[in-house]
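If you scroll down you'll find the structure; I have some questions about it.
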Amino acid sequence: MNNASTWQLLSAIMRRDLAVALRRRSDIINPLLFVVIVVTLFPLAVGPGPDILGRIATGVIWVAALLSALLGSERLFRDDFLDGNLEQLVLLPAPLPVLALGKISVHWLLSGLPLVILAPLCALLLKLPIDAWGILMLTLLIGTPMLSAMTAVGAALTVSLGRGGALLSLLLLPLFIPLLIFAAAAVESTLVGTSAYGHVLLLAGLMLLTLTLAPLAVAAAIRVSVN
Amino acid sequence: MWKWLHPYAKGEATYRLLGAWLPWLSALAALFVAVGLGWGLFYAPPDYQQGDSYRIIFIHVPAAMFSMGAYTGMAIAALIALVWQIRTAEWAIAAIAPVGAVLTFVALFTGAVWGKPMWGTWWEWDARLTSELILLFLYIGVLALYYAFNDARTGAKAAAILALVGVVNVPIIHFSVYWWNSLHQGATITKFEKPSMPVEMLTPLLISIAGFLFLTAALVTQRLRNEILKQELHRPWAQQQLGVEAEHGV
Amino acid sequence: MSVVLEAQQLTSVRAGRTLFSDLSWQLAAGEILHIEGPNGAGKSTLLRIVAGLLQPLEGEVLLFGQPQREDPELWQRQTLFIGHKPAVKAELTALENLHFQSRLDGVQLDDPWQLLETVGLLGLEDIPAQQLSAGQQRRIALARLFYSQAKLWILDEPFTALDTRGIDLLHQRFAQHLEHGGALLLTSHQPLTWSGERLQRLRIEAADE
Amino acid sequence: MAFDSWQEAIWMGGYGFYVWLSFGVSLLAIAILVVHGLLTRKKLAAMAVQEQQRKQRLARRQQQERAQRKEKGAQ
């Protein structure tokens, strides 16, 4: 008889995911390096003038963040699927969406949060005016959990395919559009001196909605994938 | 509620029912589309501002309407497939998605062509065009996922989940794109929607919309019938339908 | 003997092929059910249905008379499933794997070292699992059986990659489990060295249309 | 009729190219969809025939085997 409570199971799952991820540090670092390299390429492509760079900085950083989220998304469920832990996850006596949210949280902790911390460096490289750094980090802080949750949906849907890479971006990138629009607009409005309060509020609302619904979709997708 | 129907009988019964509808739907579609488009092309008066270029509206607006409508229909089928595990609903996803994708393409193409005389460019980041483009990506995503799996049932379920995720996102994407458009292009006015339309233009438009409704229904029916046959190909009734005499008890 | 597990008219269709239909059986406490059949007959599918990973097209599975669908959580608390894939994290050591796995199984391990010794992994405990052999990884997975309190064990090819000593060890553990009123459902290509009437055999073969 | 002649109707006040391009491509796209549906049905029929032939082959082989076994039994 397995008497573990949902919280005990959730904490065990999260601790194990953390322990595994910390053994494979390159999986954490590579997507971050990817962002830095993409950001470095832009000044080389469009010229280093601060007016152009400052204008496109937010967009570049956000698009790079979206792409790096895709890059790191396979890590979410691929190993669990291959070694059989995904089916054991389904068989745990706890609501699967809760466990899925746990896995999403760990993924965010190791991919989203470092990106937020890295943002000032990217902003510096792209000559984003320093007044906008704070709001850029704030939008990333609100937006990256959404990225983790949405990529989890896509990763769970394609995990049993083995070659999900290109398909995954087709599925996910259209769904990232609202996030991209509102995050960029928030930074933009700060740059032109108006309040970004409304945008941030909207982003926060979207984040709550995503974090509520995405775990349900992830759970359903995992059940389909372990078939 | 569905238990009383034998699972093997469901496919055949649905197939026959759809077969009874198909000629009527096709006839209605042909009639209404022909009348609506013919009237719109030749008998409706020209627009006082846009001249005759506005006639694209008779195909653009219905296509745009049912590109969204088909997505909603697909999402409803997805919900039924996931909650009640009804296989016909799973197949309906595969039947609706290509039709919706083509309607989206039509809306996108006509919109772009219309943009040339209106804005002087083949592609304008207009709100409706942009959201139709994203809708096209969503359709392609559902189709790609559906056919990516070896097991048809797994593919259908995965596509159903994606369709539901998409339908939650479509209004958000739509709103965000319109809002983004107003932010960046305050000068360009979306000319697709007219505040008021004279009756001589509205009547053919409504007929055309009705025609596209029947057309969508007929196309989906045709594909759903194919999909049922494909999944039940090994059953004797399906082979009979396809003109193969099934042999029993060798 | 009380009936632990009951299958009622199970039918499963995978990729358009009927694997089995109208399959019914009972499994009482203290009994083993050995599923036999050629490759692709649907043995694993049947096990996964009983575990709750798959839904049968028709029919139902009952545990202590309770249908699976009614309370899946209770079902998961009473059963233990080990499939083809060992569910061992390649990056973690044997000890860490046991540590996390036992927590997921709701068990506080008093002496993990004792357990490691039982399954013959003592001395290998701090090597990442990916550097161990297939049989050793299998042993990590099967260590779950030595603390499990679950009433029903569902094991898909448990002897794969094990040496004779490992197989003997498993047999001993199975005997204990049955004595304590547990039930066991398994597939295996190896012959079971099992005597007596506790062993039931069920042969499934892909049904022709 | 909003036009005086068919030439004018095709000319569409100078917008003819855009209007007819839109209508032509749209109808073509829908026609492709219809034809694709019809072709799919044909392909399904071919697959059904194939499957039946496979079954017949299998049945014939089984019959042969049975006959051989009988012969052996007789010997």
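Yeah, the Cβs are placed from backbone N, Cα and C, and that goes for glycine too.
The domain 'Cytochrome c assembly protein' feature in TrEMBL is assigned to B:25-184. Summarising the annotation, TrEMBL assigns transmembrane segment to B:21-44, B:56-84, B:91-113, B:133-149, B:161-181, B:201-220.
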Under 8 Å, at least 3 Cβ pairs, sequence separation 6 or more: does that hold for the transmembrane segment (B:91-113) versus the transmembrane segment (B:201-220)?
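When sequence-distant Cβ pairs are counted, the transmembrane segment (B:201-220) touches the transmembrane segment (B:91-113), since at least 3 lie under 8 Å.
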Residues of the same chain, at least six outside the transmembrane segment (B:201-220), with any C-beta under 8 angstroms of its C-beta?
22, 25-26, 28-29, 31-37, 39-40, 43-45, 47, 57-59, 61-63, 65-66, 69-70, 73, 92, 95-96, 99, 103
Over the domain 'Cytochrome c assembly protein' (B:25-184), work out the mean pLDDT and round it to an integer.
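Summarising the domain 'Cytochrome c assembly protein' (B:25-184) by its mean pLDDT gives 89.
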